[in-house]
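Features reported for this protein in Swiss-Prot:
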ACT_SITE  ASP26  active site, proton acceptor
ACT_SITE  LYS135  active site
ACT_SITE  CYS168  active site, nucleophile
Amino acid sequence: MNAVNLMARPEALTFAPEQSALIVVDMQNAYASQGGYLDLAGFDVSTTAPVIENIKTAVAAAREAGMTIVWFQNGWDSDYLEAGGPGSPNFHKSNALKTMRRRPELHGKLLAKGGWDYQLVDELTPLPGDIVLPKPRYSGFFNTPLDSMLRARNIRHLVFTGIATNVCVESTLRDGFFLEYFGVVLEDATHQAGPPFAQQAALFNIETFFGWVSDVQRFCDALSPAALARIA
């Protein structure tokens, strides 16, 4: 099995594509589109288009190299029972739930399964063989089969893309760290919820304490046929 060398911060990371997964976190209309939840809650989504294109590029490279592709969709049932009631901290901290309480006309529209907000953006489409998982909280490891599905495939290295870097991406990468997964985030294939310093703080946390940081060009270079041929 071939291993590739990915240039990253704070140091390069070596992994076998067949034992690695590209994780696409919450690339839904809610997080990346005008009129979606983040936009309606007052977060800037005006610069997500390049992120979408970079994720498309990363997905294509990962698929060609034989990596597993995992797509997450964050949200709940249309009655929001899965979101938790007042006894859950999620009820009090979820900006989607708070926005709907402020604007009752949005109830049943934000992050509700089956709705436009919940759907992946049109530019990104899972293919047969990809893993598509719903998740009810920020971390993709919480109340999902992600861990068991990865272990069944002998996957130990996770490459992260998606929105939001400082919330669901970082939360999932951190939980993976605690479960002994090696996590690397492609910084130009992610976008923060909040001001730019939130992106920089999340990337600092990841490269300093929990994982590695790279970018889409370096990722594609590492997975290119020429690179794979050199190490075959």
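Placed from the backbone N, Cα and C atoms, the Cβ positions cover glycine too.
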Rounded inter-Cα distance in Å - LYS135 (active site), the residue listed as 'active site, nucleophile': 10
Between CYS168 (active site, nucleophile) and the residue listed as 'active site, proton acceptor': CA-CA distance (Å): 8
Most Cβ neighbours inside 10 Å, all chains, among the active-site residues ASP26, LYS135, CYS168: ASP26
DSSP three-state assignment for LYS135 (active site): strand
Reduced DSSP assignment, ASP26 (active site, proton acceptor): coil
